[in-house]
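Taken verbatim from Swiss-Prot:
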- H124: active site, proton acceptor (ACT_SITE)
- A25, F36, R37, Q106, I108, D109, H124, S193, S194, N216, D233: NAD(+) binding site (BINDING)
- F36, I108, D109: nicotinamide binding site (BINDING)
- C132, C135, C152, C155: Zn(2+) binding site (BINDING)
- 1-246: domain 'Deacetylase sirtuin-type' (DOMAIN)
Amino acid sequence: MKKPDIQQLKDIVNNSNQIVFFTGAGVSVASGIPDFRSMGGLYDEISKDGQSPEYLLSIDHLHDNKESFINFYHERLLIADKKPNIVHQWIAQLENQQKSLGVITQNIDGLHEDAGSHNIDELHGTLNRFYCINCYEEYSKSYVMTHHLKYCEKCGNVIRPDIVLYGEMLNQKTVFKALDKIQHADTLIVLGSSLVVQPAAGFVSEFKGDNLVIINRDATPYDHTASLVIHDDMTSVIEEIVNSNS
């Protein structure tokens, strides 16, 4: 990676006080979670089994066959041993230093919360929370996994992860909070997102601040509008930043 890019990123971060982070699947790759749509990711694995990933992750699947839906998320989505990596930790650290307004994420893995971030807008929900589809009793991921819980202890109905399934709308309260963050940011740092999945990716066009920074292995549709673009391994980039500040 180019040293001038690292220095420019450091300067932008140091001179900003209202940073907003926008993160995609690339942020969690170093934690051992492949991009859903990448080779070896969840979609690839499901497709090899001759099934439709979009259907298995849909509200229709839940309505059509509750038992099948429950078994699917227990077998495919609940992963116990994945930990936040240096990128999640850096984002949380800047929030704790009051340099950041928070993070907007397309990810459902809950690793930003695990890393210590507090002001998180999870556009597609999170696997850290579950709720009953009948009485809305809430459960944590750890409780669900420890007790192999599939049905509500209060009413006996199905519990589901608090994620946005295909066929469901994004939570409008979360959307408005995310847009408000972006509109008040002086710097927007995009990490590990191709910025092609709508409507979430379109949020970037709402940014009117000073510096748009994009760090992603591949090009994005917004590269030409950015103050700084780094096409490199994200973990290496952030390690360089963290080590230079220590």
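Glycine too: its Cβ is placed from the backbone N, Cα and C atoms.
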Task: binding-site residues: D109, D233 - member with fewest neighbouring CB atoms within 10 Å - done: D233
Open item on the list: Highest Cβ count within 10 Å among the binding-site residues I108, C132, C135, C152, C155: which residue is it?
Closed with: I108
- [ ] Measuring C-alpha to C-alpha, could you say which of the recorded positions A25, I108, D109, H124, S194, D233 are within 10 Å of C135 (Zn(2+) binding site)?
- [x] none
- [ ] Round to the nearest Å and give the CA-to-CA distance linking I108 (NAD(+) binding site) with H124 (active site, proton acceptor).
- [x] 6
- [ ] Write out, in the order they occur in the sequence, the residues of the chain not among C132, C135, C152, C155 that have a C-beta within 8 Å of the mean position of the C-beta atoms of the recorded Zn(2+) site.
- [x] I133, N134, Y136, E137, E153, K154, G156, N157, I159
Task: D233 (NAD(+) binding site) and H124 (active site, proton acceptor), Cα-Cα, nearest whole angstrom - done: 24
Task: Candidate binding-site residues D109, C132, C152, C155, pick with smallest Cα gap to D233 (NAD(+) binding site) - done: D109
- [ ] Given the binding-site residues A25, C132, C152, C155, S194, state which is nearest to D109 (nicotinamide binding site) when distance is taken between Cα atoms.
- [x] A25
TODO: Could you please provide the mean pLDDT value for the domain 'Deacetylase sirtuin-type' (1-246)?
DONE: 91
